[in-house]
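*Asks:* Once you've had a glance at the structure underneath, I'll fire off some questions.
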Amino acid sequence: MIAQSLRLHCFKNISAADCFFSPKLNCFFGLNGMGKTNLLDALHYLSFTRSHLSIPDSLAVQEGADMAILEGKYLSDEGAVEEIVLSIAPPKRKILKRNGKDYRRIAEHIGRLPLVIVSPQDYLLIQGTSSERRRFIDQFLCQQSAVYMDGLMRYNKALADRNALLKAERPDPSLLDVYEWQMAMEGAKIVAARQSFISYFVPLFSRHYRLISADSEQVSLAYRPSLSETSAESFAMALRDNRSRDLLLGYTSAGIHRDELEMNLGSRLIGKVGSQGQAKSFLISLKLAQYDHMQSVLTERPILLLDDIFDKLDSERVERIMSVVNQDSFGQIFITDTNRKHLDEMIAKQYDDYRLFVIHKGQVRTE
């Protein structure tokens with residue numbers, strides 16, 4: 001998948017912009033706060049209909065404006081043109097059009113424009129709660145499988161219903177049985193999908209980390225379900241056994257919503273012992289492995305966004321990362337940086353087909 005062009009109207013600090021992209025490398029240069037990341041976020045919005053910065057849609061609309069409009073023109077690997085228009089006007093619902101037609105459900109769009117982003121926000125994967133790490137797995141699997149996304153939505157609905165009932169003055173046991181069986185049926189399938197994903201994903205991740213670190217460090221990933229038995233029957237039994245405890249707590253204490261993805265450097269959690277450079281190398285390896293996995297299961301090559309990835313990395317690791325993403329297996333790439341000299345040196349070493357954009361106070365120009 002190639003993003004050919006991007007047009008923005010009143011999106012964050014960008015009043016208006018028309019960008020035409022290289023099919024290989026696109027570099028956004030500017031000082032901090034000028035709008036580089038906003039351009040990447042616009043591409044993320046067009047793929048996922050939400051910000052990768054976990055902000056409300058109201059903050060995507062420029063101050064003083066009523067609506068933000070994002071228009072993207074894409075070329076599929078098979079040569080088909082896709083024109084996507086997203087209108088954001090909170091508190092109204094977002095309007096998403098593909099080739100001039102509304103989607104029946106916005107969720108149907110997820111996965112149509114595959115995209116992987118590496119950004120400073122990824123540090124939450126290491127430093128944040130287990131929910132951040134589960135979200136990493138779930139967002140990935142939702143892009144490649146509508147069945148997984150629908151099952152996850154059904155599980156979360158049943159979980160919310162059970163939690164609400166646990167807080168009721170007189171919970172109906174028969175209704176709890178219904179919600180618990182719904183959770184068990186969907187939860188068992190979700191655990192199986194997550195385990196299958198991790199078994200395939202870990203070798204890809206380990207290979208990228210070895211390349212970036214020059215094979216100088218050992219890292220690992222391990223998926224830890226909160227329930228020891230994960231069949232639907234065992235899942236339902238565990239929820240029933242936990243019912244008395246959960247009634248006291250007022251929430252569901254076990255299930256796929258409590259699972260953990262353990263991230264280690266050596267034998268210890270990387271969030272506890274890793275340096276900034278090691279943590280960043282770990283996160284970049286995760287995302288490059290995500291790219292590889294998506295490319296293997298999807299019909300379209302993902303777009304790769306690299307937001308401020310060079311900070312905290314030594315020059316050797318930067319060069320190894322760029323040599324990896326310059327391989328033919330990678331498609332279109334977008335990079336942001338505050339160092340113009342750094343970008344020029346990287347382009348001169350690695351790329352012939354590129355486009356450079358300079359961003360200053362929300363104004364975008366091509367060089």
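Each Cβ is built from the backbone N, Cα and C atoms, and glycine gets one as well.
Copying in the features that TrEMBL gives for the protein in this structure:
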- G30, L31, N32, G33, M34, G35, K36, T37: ATP binding site (BINDING)
- 6-56: domain 'Rad50/SbcC-type AAA' (DOMAIN)
*Asks:* What is the number of other Cβ atoms found within 10 Å of the Cβ of L31 (ATP binding site)?
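*Replies:* If we count other Cβ atoms within 10 Å of L31 (ATP binding site), we arrive at 11.
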*Asks:* For G35 (ATP binding site), what residues in its own chain, 6 or more apart in sequence, show a Cβ-Cβ distance under 8 Å?
*Replies:* K12, N13, I14, I359, K361, G362, V364
*Asks:* Applying a 10 Å Cβ distance cut-off over all chains shown, what neighbour count does T37 (ATP binding site) have?
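*Replies:* I get 24 for this one.
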*Asks:* Based on Cβ atoms within 10 Å, give me the single least packed residue among the binding-site residues G33, M34, K36.
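*Replies:* It is G33 that, of the binding-site residues G33, M34, K36, has the fewest other Cβ atoms within 10 Å.
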*Asks:* Long-range neighbours only, meaning 6 or more apart in sequence with Cβ under 8 Å: which ones does G30 (ATP binding site) have?
*Replies:* K36, T336, T338, V358, I359, H360
*Asks:* Excluding G30, L31, N32, G33, M34, G35, K36, T37, please set out which residues of the same chain place their CB within 8 Å of the center of the CB atoms of the ATP site, keeping sequence order.
*Replies:* N38, T336, T338, I359
*Asks:* Need the DSSP three-state call for M34 (ATP binding site) to compare against my parser.
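*Replies:* Its secondary structure by DSSP: coil.
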*Asks:* Sort out the sequence-distant neighbours of N32 (ATP binding site) for me: same chain, 6+ apart, CB within less than 8 Å of its CB, listed by position.
*Replies:* T338
